[in-house]
Amino acid sequence: MDHEIHPGKSSGHILLVGPRGSGKTTIGHSLARVRDLAFYDTDRMVEEVIREPISTFWAREGEPSFRNLESGVLQKLPGVKAGVVSTGGGIVLSPANRELISKMGLVLYLSVSVDVLEGRLSHWGNSRPRLNPQIPLSEEIALTVRERDPLYREIADYVVETGGMSVPQVVFQISRLLGEDWASKVGGV
């Protein structure tokens, strides 16, 4: 099977970008399974390097140290087998990361409303570092989305609105965007 799905892209990856809580990891796993591709999660890859949860590292070392590790992990992905890549929500803050992501394959921005994100993230507890714990979670999410939405859109080949849809529905929608006949493998939504 030819995994080069977008002309001019170097490695044929399908890259998922979007805010934390947008479903990148869950949808990425499902999409990789349907397409019979490898799955890569940049957050998990960072945790393999640091050998501890991101929240612990972030609290001790700070955001700049985390972002450097995240960029290093991203730089390794063009050399691996084509797959679905779930990126960290803030990976787009670096212009160099945005440039690399846009060259690595097809970029899908999983967009979701602030209300849905707040509902999802409020259930996560302390498993992910807060970017600004001095303000309410809803305000933090709104500020983060407002800052990063233009960056996600800048590199996205497609914007996929995920709010209110099940994982199979999102995967089916992505399959339709790709125009491939594997949509039937999702289970007909």
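Cβ coordinates are placed from backbone N, Cα and C, and glycine is handled just like the others.
Record features, source TrEMBL:
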type	residues	note
BINDING	Gly21, Ser22, Gly23, Lys24, Thr25, Thr26, Arg128	ATP binding site
BINDING	Thr25	Mg(2+) binding site
BINDING	Asp43, Arg67, Gly89, Arg148	substrate binding site
Nearest of the binding-site residues (Arg67, Gly89, Arg148) to Ser22 (ATP binding site), judged by Cα-Cα distance:
Gly89
Show, in sequence order, which residues other than Asp43, Arg67, Gly89, Arg148 on the same chain lie with their Cβ within 8 Å of the centre of the Cβ atoms of the substrate site.
Arg20, Glu70, Thr87, Gly88, Gly90, Ile91, Val92, Leu93
Out of Asp43, Arg67, Gly89, Arg148, point to the one nearest Gly21 (ATP binding site) in space (Cα versus Cα); all of them are binding-site residues in the record.
Gly89
Give me the non-local Cβ neighbours of Thr25 (ATP binding site): same chain, 6+ apart in sequence, Cβ-Cβ under 8 Å, ordered along the sequence.
Asp41, Asp43, Ser86
Taking 10 A as the limit, how many CB atoms besides its own sit near the CB of Arg67 (substrate binding site)?
16
Spatial neighbours, same chain, of Arg148 (substrate binding site) - Cβ under 8 Å, 6+ residues apart:
Pro19, Gly89, Gly90, Val92, Leu93
How many Å separate the two farthest-apart Cα atoms among the substrate-binding residues Asp43, Arg67, Gly89, Arg148?
18
Which of Ser22, Thr26, all binding-site residues, has a Cβ with the fewest other Cβ atoms inside 10 Å:
Thr26
Assigned element (helix, strand, coil) containing Gly89 (substrate binding site), judged by DSSP:
coil
If you measure Lys24 (ATP binding site) to Arg67 (substrate binding site) at Cα, how many Å is it?
18
Compile a sequence-ordered list of residues in the same chain as Gly23 (ATP binding site), six or more apart from it, whose Cβ lies below 8 A from its Cβ; state 'none' when nothing qualifies.
Leu110, Val112, Thr162, Val167, Val170
Nearest-integer angstrom distance between the alpha carbons (Cα) of Thr26 (ATP binding site) and Arg67 (substrate binding site):
22
